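*Asks:* Structure below; questions to follow.
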Amino acid sequence: MRPQEVLGRAARLASSGLLLQVLFRLITFVLNAFILRFLSKEIVGIVNVRVPLGVFWSLFLGWVWLQLLEVPDPSVVPHYGTGVVVFALSAVVELLGEPFWVLAQAHMFVKLKVIAESLSVILKSVLTALLVLWLPHWGLYIFSLAQLFYTTILVLCYVIYFTKLLGSPESPKQQTLPVSRMTDLLPNVVRNKAFVNWKEAKLTWSFFKQSFLKQILTEGERYVMTFLNVLNFGDQGIYDIVNNLGSLVARLIFQPIEESFYIFFAKVLERGKDATLQKQEDVAVAAVVLESLLKLALLAGLTITVFGFAYSQLALDIYGGAMLSSGSGPILLRSYCLYVLLLAINGVTECFTFAAMSKEEVDRYNFTMLGLSSSFLVLSYLLTRWCGSVGFILANCFNMAIRITQSLSFIHRYYQKSPHRPLAGLYLSPVLLGTFAVSGGITGVSEVFLCCDQGWPARLAHIAVGTFCLGATLGTVFLTETKLIHFLRTQLGVSRLADKMT
């Protein structure tokens, strides 16, 4: 497949389902905001911080949550033990659908992925809202049953789709799949072949170690909260709500881009091979795409950081009321806005790095991440002791900055002997930087005088000021970043054409 065709399919994967995903997320956002008004901070902390860790370790350390860790007061968080068991069962159910998810992702089945995940999340939120209203005394039963319902619906969507697809031999999509029937996805022994492909097994082991370390780096603060009890359950709940709200844009925009263009880079570039020894057309296309993605991530991250500082308290007040907008909530979300900027850049740099690295380089990177994981956990503990829950976000910023540095170093070496300079995507014009600075100053002053205890007329005026500044900033982007605008128009056009053809 030609690089431009792969690029078109990757752009389609990242963009064609975006509006649908935003719509579904908006529905769940409203449902979650509704649910929060009926819950205590303590039960939110248990469900969103401690129990998901039980899901991750369900096959290994699930008993820790029941035997070694502090058990919450049953009057505050009822049915804790049964809830952990049901969460663990939901993890097993979700693992059963993993082969289908991998197959759909590798073949860029856009609508299947978006509809399956969005439908299951919406139904989970609806069930949670109904149970919270009708049976609030069920406590943790509510969330554990909703999680099991979510994973069951998700797996069923994939199973039904592939059962129907593999039962239609004349379908063009079916002919491109590496399997011809559902039983091919089950473990089996092939005659006259080795039981284990050791080359693939070693590569899989490398990526497993990498995923394990990334799990610690991504969810490390939850381990510190759970095992070291640096925050009470209420503070854990506030932190997790703010964390989920702050990462909403990252999940909606940055994650689809990272997943889709990782596939693009993996298909276009030859893993572990020097750029000068590959097809120069492929290398050039990859460089142009990487430069544009870096620019897009930087602009999106800066926009969230600059405007997030002035609108964090208002957003929390609208989303969760005084429980979130008072206390540590606003400063947590402001800190998270800075973290989102680093998160955006890291997503793009790592999706290229992991697609181009050889197995040996992946192993070396894993060794670096091992040291980074240890330092991150220690730093999380120390910073949290020093400045409370904000310390977790500061530790995450440090962790993300180190990972970005590692990836940028690899990209620089990769393109050093070629004429391409994709890292130029991290440079912005002085005019645009000045516009961001002025917008941040104006919205900051607006927050002081108009937000957030002076009634809705003042709040609406504050929103109007932010809308004007955002419009001026986006206008400056259109005038100064013409290369990026051309890339987006071109690839969105490819995506729309592909949608019409499928």
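Glycine is no exception: its Cβ is also placed from the backbone N, Cα and C atoms.
Note that this is a predicted model, so its numbers are computed, not measured.
When I checked TrEMBL for this same protein, it listed these features:
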- 18-39: transmembrane segment (TRANSMEM)
- 51-68: transmembrane segment (TRANSMEM)
- 80-102: transmembrane segment (TRANSMEM)
- 114-135: transmembrane segment (TRANSMEM)
- 141-163: transmembrane segment (TRANSMEM)
- 283-311: transmembrane segment (TRANSMEM)
- 331-355: transmembrane segment (TRANSMEM)
- 367-384: transmembrane segment (TRANSMEM)
- 390-411: transmembrane segment (TRANSMEM)
- 423-445: transmembrane segment (TRANSMEM)
- 460-479: transmembrane segment (TRANSMEM)
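Show me how these features fit into the shown structure, please.
*Replies:* Here the transmembrane segment (283-311) has Cβ contacts under 8 Å with residues 3-4, 7, 246, 249, 253-254, 257, 261, 264-265, 268-269, 275, 333-334, 336-338, 340-345, 347-349, 352, 411, 415, 418, 420-426, 428, 436, 439-440, 443-444, 446-447, 451, 462-463, 466, 469-470, 473, 477, 481, 483-484, 487-488 of the same chain, all six or more residues outside its ends.
If one looks beyond the transmembrane segment (331-355) by at least 6 residues along the same chain, the residues whose Cβ comes under 8 Å of a Cβ in the stretch are 210, 238-239, 242-243, 245-247, 249-250, 254-255, 257-259, 261-262, 265-266, 269, 271, 286, 290, 293-294, 296-298, 300-302, 304-305, 308-309, 312-313, 315-316, 362, 365, 389-390, 393-394, 396-397, 400-401, 403-404, 406-408, 410-411, 426.
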*Asks:* Would you mind listing the long-range same-chain contacts of the transmembrane segment (141-163), meaning Cβ under 8 Å and 6+ residues beyond its ends?
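*Replies:* For the transmembrane segment (141-163), the far contacts come to 47, 51, 55, 78-79, 82-87, 89-91, 93-94, 96-97, 100-101, 103-104, 109, 112, 115-117, 119-121, 123-124, 127-128, 131-132, 135, 182, 185.
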*Asks:* Could you give the residue numbers and ranges of same-chain residues that sit at least 6 residues beyond the transmembrane segment (423-445) on either side and whose C-beta is under 8 angstroms from one of its C-beta atoms?
*Replies:* 290-295, 298-299, 302-303, 306-307, 309-311, 345, 408, 411-412, 415, 465-466, 469-470, 472-473, 476-477, 480-481
*Asks:* Residues of the same chain, at least six outside the transmembrane segment (390-411), with any C-beta under 8 angstroms of its C-beta?
*Replies:* 217, 220-221, 224-225, 239, 290, 328, 331-332, 335-336, 338-339, 342-343, 345-346, 349-350, 352-353, 356-357, 361, 365, 368-369, 372, 376, 379-380, 382-384, 422-423
